[in-house]
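A short worksheet on the structure shown next.
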């Protein structure tokens, strides 16, 4: 039997868009380098990235349990 050669899985680095090996041997995965990982962390820390949220509801429309009242 011949040995099966496993190609490393390449993904796009979320920061620079370059190739990144997605394997346990890449300690920065899914990033391609420590630099890209640090840039991404800095963007989260400085709140450059945000998770979208619904605007706060009018407190008059909430019941005593905090749920929206049906009209």
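Along the chain as shown, the residues are counted starting at 1.
Using the three backbone atoms N, Cα and C, a Cβ is placed for every residue, glycine included.
Keep in mind that TrEMBL annotations are predicted by a computer and have not been checked by a curator.
Per TrEMBL, the features are:
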type    : residues       : note
BINDING : 13, 16, 32, 36 : Zn(2+) binding site
REGION  : 49-71          : region 'Disordered'
On the three-state reduction of DSSP, what should I expect for residue 36 (Zn(2+) binding site)?
helix
Starting from the Cβ centroid of 13, 16, 32, 36, which together make up the recorded Zn(2+) site, report each further residue of the same chain whose Cβ lies within 8 Å of that point, ordered by sequence.
14, 15, 17, 18, 20, 31, 33, 35
Among 13, 16, 32, 36, the one of these binding-site residues whose Cβ has the fewest neighbouring Cβ atoms within 10 Å:
16
